[in-house]
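K.L.:
From Swiss-Prot, here are the annotated features:
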{"type": "ACT_SITE", "residues": "His43", "note": "active site, proton acceptor"}
{"type": "ACT_SITE", "residues": "Glu70", "note": "active site, proton acceptor"}
{"type": "ACT_SITE", "residues": "His190", "note": "active site, proton donor"}
{"type": "BINDING", "residues": "Asn7, Arg18, Gly191, Gly212, His213", "note": "3-amino-2-oxopropyl phosphate binding site"}
{"type": "BINDING", "residues": "Asp9, His10, Arg45, His50, Thr100", "note": "1-deoxy-D-xylulose 5-phosphate binding site"}
{"type": "SITE", "residues": "Glu151", "note": "site 'Transition state stabilizer'"}
Amino acid sequence: MATLGVNIDHIANVRQARKTVEPDPVQFAFLAELGGADSITVHLREDRRHIQDRDVFLLKETIKTKLNLEMAATEEMLEIAKKTLPDYVTLVPEKREEVTTEGGLDLKSNAQYLKNFVENLKHSNIEVSAFIDPLGEQINYSKEIGFDFIELHTGKYAELSGSEQYKELQRIIESTHLANDLGLVVNAGHGLNYNNVKKIASINNMNELNIGHSIVARALAIGLEKSVREMKSLITSN
């Protein structure tokens, strides 16, 4: 049965819109855990557009579940991860001009650099995941580089409908099976919401789904704890 990782970046987005101290994502992480979140995900971007360094450190000290730190593979982020010691790190591509992460890492073109980067994190006993598109080549490189997990990018699945969405779902299923055969733990995320999550959650050996925007959007209407409970129920009711 898949677990639920709640991404709280959008709480920080609201705070940073006014450059003030509220809403505090650390407080909302606590509410997400009350609602059943199995882990908390934050993306510390190089431009600090939402999550700030203090958020990461405070979350590590206060949350009761696990902390998943999404970050680019840079020396600055490596040092922050080694100081913070999150439960695991998910390496993601990053462009300053993007609104949100647009696609998976290209592991092939950065294989040696990423291998050294992953080894460095593992020396600090941090497990490492790669955010990748559901492609066989990228999954094979994930194993070769030494990642413990992969997170399959579900953005395309979320954007499509009908037969095209079905084809993308099959690609995600096949990618999950390939990764499992290679000994990789499989997470998934991006664009998942209350209407499309169940088919992804029902994939055999899917470990965790990382979801943020749809939960936060629904929380504006019904409250965060309840919105997390509803998503958790959808994931676990297979």
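Cβ coordinates come from backbone N, Cα and C, glycine included.
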K.L.:
Assuming the binding residues for 3-amino-2-oxopropyl phosphate are exactly those in the record, Asn7, Arg18, Gly191, Gly212, His213, what is the maximum CA-CA distance in angstrom, rounded?
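P.N.:
Pairwise Cα check on Asn7, Arg18, Gly191, Gly212, His213 gives a maximum of 26 Å.
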K.L.:
Specify the nearest of the recorded positions His43, Glu151, His190 to His10 (1-deoxy-D-xylulose 5-phosphate binding site), where nearness means the distance between Cα atoms.
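P.N.:
Result for His10 (1-deoxy-D-xylulose 5-phosphate binding site): the nearest of the recorded positions is His43.
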K.L.:
If you count other CB atoms within 10 A of each CB, which of Asp9, Glu70, Glu151 wins among these recorded positions?
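P.N.:
Per the Cβ count, the most surrounded site is Glu151.
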K.L.:
Compute the C-alpha separation of His213 (3-amino-2-oxopropyl phosphate binding site) from His43 (active site, proton acceptor), stating it in Å without decimals.
P.N.:
13
K.L.:
Comparing the binding-site residues Gly191, Gly212, which residue's C-beta has the most other C-beta atoms within 10 angstroms in this structure?
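P.N.:
Counting Cβ neighbours within 10 Å, the top one is Gly212.
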K.L.:
Translate the DSSP assignment of His10 (1-deoxy-D-xylulose 5-phosphate binding site) into the three-state scheme.
P.N.:
helix
K.L.:
In whole Å, note down how far the CA of His190 (active site, proton donor) lies from the CA of Gly212 (3-amino-2-oxopropyl phosphate binding site).
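P.N.:
Cα of Gly212 (3-amino-2-oxopropyl phosphate binding site) to Cα of His190 (active site, proton donor) measures 8 Å after rounding.
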K.L.:
Say we define neighbours as other CB atoms within 10 Å of the CB. Which of the recorded positions His10, Arg18, His43, His190, His213 has the fewest?
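P.N.:
Counting other Cβ atoms within 10 Å of each of the recorded positions His10, Arg18, His43, His190, His213, the minimum falls on Arg18.
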K.L.:
Tell me, how many other CB atoms lie within 10 A of the CB of Arg45 (1-deoxy-D-xylulose 5-phosphate binding site), whichever protein chain they belong to?
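P.N.:
I get 20 for this one.
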K.L.:
10 Å Cβ neighbour count around Asn7 (3-amino-2-oxopropyl phosphate binding site)?
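P.N.:
A count of 24.
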